[in-house]
Amino acid sequence: RIWSCHKNGSDRTVIFDSGVTVTESLAVDWVGRNLYWTDYVLETIEVSKLDGTHRTVLVSENVTNPRGLVLDPRDSAHLMFWTDWGRNPRIEKASMDGKLRTVIISSKLYWPNGLTIDYPNNLLYFADAYLDFIDYCDYNGNNRKQVLASDLVLQHPHAITIFEDFVYWTDRYINRVMRAHKWHGENQTVMLFNLPQPMGLVAAHPARQPAGQNHCLRSPCTHICLLSAVGPRYYSCACPSGWTLADDQFTCTRVADPFLVVV
C-alpha cells in the first residue's frame, strides 16, 4: 500500500491498496502537486495526483530494479532522477513527464541506492551499497566527486538526504542513521542507532522544497498535468491506464478495447 498522513502521523489515508508491490521510493512534486514512485517488482516508475487519482506509468521499458527517485520541479529543471541496480547498474534522468530520458552515470556503480539533490548547488548525491561510497555529480553526470568511501563507515547505505552542510544516510547492516560533511565526508556522526533495518530518509524543511512556478495551474489537461523540461508550455498532459491522449494533446478518451491488469 501507499499511504498519506499529516506530519504528526494523524489522518492516515490509503492512497493505493492494490496494483503496488514493492514500492522502493516515493517522491512528491510539491510544485505540480503530483506523486511519483518506483516499483521494484513491476519494474516501473509511475505517477498520480497526490490523492492517488489518474495513475499512469511513466517509465516501463529497459527498467529492471528501480530504487532511488528524486525530483527537481523548479523552473530551471523540471527533472527526475532514479537509480537502477539491475543488469546494467546506472543512474538516469528524464523530464518529469518521462521524456528526454538519458543515462548520466553508468561506470563505477554496482548497487546504486539512495539519491538526493543539493538544490542550492544543483548537485545530485548518490550512495552505492556494494562499493560503499557516497558520491555527487552535476545534473549531466559530470564533475563527479567522492564524499566518502569506507567499508567501515558505509556498510550498506540505503537512503540519503541533504540538509545544510551535511549528508545523512541510513545503513541497513549497522541499523543506524549517520551523517557527514557533504563536501569531504569529515565529522562522521551517529545520529540514531538500534533501528531495525532503516530504509527511507527525508529532511522535512522548507529549504528542501524550493519555490517554482506551477505551469500546470491553468493547463487545459482533462486528467493529469505533468511538469516538463520541454518548452514553450513546460507541461504535458497524461492519461490514466485505459485512456489515451487525443490529438489535441489535452483531452483523454477511453480506449476502444478495455483490458484487465492482474497483480
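The backbone N, Cα and C atoms fix where each Cβ goes, and this holds for glycine too.
Quantities reported herein were computed from a predicted structural model and do not represent experimental measurements.
Positions annotated as repeat 'LDL-receptor class B' by TrEMBL: 33-75, 78-121.
With a threshold of 8 Å between CB atoms, the same-chain residues lying at least 6 positions outside the repeat 'LDL-receptor class B' (33-75) that come near it are 2, 4, 15-16, 19-27, 81-88, 94, 96-98, 101, 112-117, 119, 124, 126, 139, 159, 210-214, 216, 223-224, 226-227, 234, 238-241, 263. Counting residues of the repeat 'LDL-receptor class B' (33-75) by DSSP class, helix then strand then coil, yields 0 helix, 23 strand, 20 coil.
Each residue in the repeat 'LDL-receptor class B' (33-75) has a pLDDT score, and their mean in this model is 95.
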